[in-house]
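Swiss-Prot has this to say about the protein:
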- D80: active site (ACT_SITE)
- D82: active site (ACT_SITE)
- D162: active site (ACT_SITE)
- 430-465: region 'Disordered' (REGION)
- 448-459: compositional bias 'Basic residues' (COMPBIAS)
Amino acid sequence: MFTRVANFCRKVLSREESEAEQAVARPHMTIIPREQHAISRKDISENALKVLYRLNKAGYEAYLVGGGVRDLLLGKKPKDFDVTTNATPDQVRKLFRNCRLVGRRFRLAHVMFGPEIIEVATFRGHHEGSESDRTTSQRGQNGMLLRDNIFGSIEEDAQRRDFTINSLYYSVADFTVRDYVGGMQDLQEGVIRLIGNPETRYREDPVRMLRAVRFAAKLNMHISPETAEPIPRLATLLNDIPPARLFEESLKLLQAGNGYETYQQLREYHLFQPLFPTITRYFTENGDSAMERIIAQVLKNTDNRIRNEMRVNPAFLFAAMFWYPLLEMAQKIAQESGLAYYDAFALAMNDVLDEACRSLAIPKRLTTLTRDIWQLQLRMSRRQGKRAWKLMEHPKFRAAFDLLELRAQVENNTELQRLAQWWAEFQASAPPEQKGMLNELDDDPAPRRRRSRPRKRAPRREGTV
């Protein structure tokens with residue numbers, strides 16, 4: 001009974017709050033003519049233009065919207081193009097044979113042109129006050145939208161989007177940009193501003209907190225004070241997001257070319273902990289531990305590789321980020337269980353990755369590669385005979401060597417630095433020189449550990465057990 005009353009009160013208060021917001025923030029449309037903006041059709045995907053023109057020809061409104069418009073206005077090349085329209089998903093499917101409908105939470109139409117997919121969304125409406133709330137819109141107890149397929153007008157759609165800079169609409173009918181929420185001004189001033197009441201919008205979808213940080217880092221903008229204020233105290237809402245979705249978001253955050261700046265802001269707004277709880281436990285006040293240094297360096301290196309259009313692998317990123325928690329876990333298991341270090345290390349890999357996968361559903365294909373990179377660290381110091389050549393034949397040797405170099409860079413460890421330097425020279429040498437380097441190792445072998453002999457038991461006396 002109490003639960004019913006609480007849910008009823010929550011729904012009434014939420015509706016009153018939403019109605020108050022709508023009353024205060026009635027959309028006022030500003031039309032920016034072609035001569036006052038930088039968008040040209042030659043910079044837009046031909047397939048996106050085909051979708052827009054066909055929808056217009058069929059009598060529907062259709063606009064380019066979201067990050068594509070934002071990036072074009074900033075002079076950047078968009079990664080993809082999204083379309084919004086007053087046509088329903090079923091109506092869109094009737095117009096395009098190469099279309100399929102996707103999504104339960106948000107019903108979308110994907111129009112496929114080979115590898116390129118043009119996403120088409122119907123204008124969203126306000127979910128409160130609709131007679132069809134129960135079947136088309138559903139909220140969780142924390143206010144999160146679980147399902148939202150209320151359709152509306154372009155004015156309502158503009159208010160339903162997340163940030164003002166993503167709520168700009170480009171029309172191929174008259175080449176204008178429509179702005180209902182002041183997005184153009186925020187774009188010019190470099191402001192990330194959430195549309196509507198920030199706490200309500202974050203509760204609807206907590207991932208918006210991650211998006212705010214990502215856009216601020218990616219676009220070199222700042223988050224407005226009212227948008228930033230609730231983030232630290234609402235950060236734990238991310239624990240309610242499915243781990244698979246958080247994994248995808250983590251790649252967008254850390255492997256999009258602005259990973260280091262994003263990492264700093266994630267820590268500032270307390271958003272790193274829900275994503276990487278294992279790592280956060282090892283943070284220090286001055287931020288200068290070996291683990292924090294290796295995270296900073298691997299993200300800077302990743303950013304440089306992306307800027308130079310080089311490939312990056314999430315498995316290597318995770319191998320570096322979780323390396324020091326892994327070492328501490330392995331040492332703890334070895335001390336508590338009495339196992340050999342190699343066996344304790346193997347168990348620690350399982351424990352660290354299992355905990356990581358509880359918050360981020362890291363796919364097995366990546367955890368397998370991460371394990372390979374870690375296991376090779378234990379073999380890098382064993383180079384005598386043919387071991388060095390065999391090690392170099394391993395598919396993940398190069399990634400393992402890169403991690404070794406990173407470790408040498410962030411640790412004040414002369415032995416580790418010499419080992420990394422040896423491997424760098426060995427890889428760059430011709431076979432005869434490599435053989436000479438290995439002979440030098442044989443001439444100066446590392447001191448062997450003395451194995452303790454098993455104790456001899458005293459002879460058992462008669463009458464004793």
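Glycine is no exception: its Cβ is also placed from the backbone N, Cα and C atoms.
Comparing the active-site residues D80, D82, D162 on other C-beta atoms within 10 angstroms of each C-beta gives the minimum for D80. Between the alpha carbons (Cα) of D80 (active site) and D162 (active site) lies a span of roughly 18 Å. Rounded to a whole number, the C-alpha distance linking D162 (active site) with D82 (active site) is 15 angstrom.
According to DSSP, D162 (active site) sits in a coil region rather than a helix or strand.
Taken residue by residue with DSSP, D82 (active site) is part of a strand.
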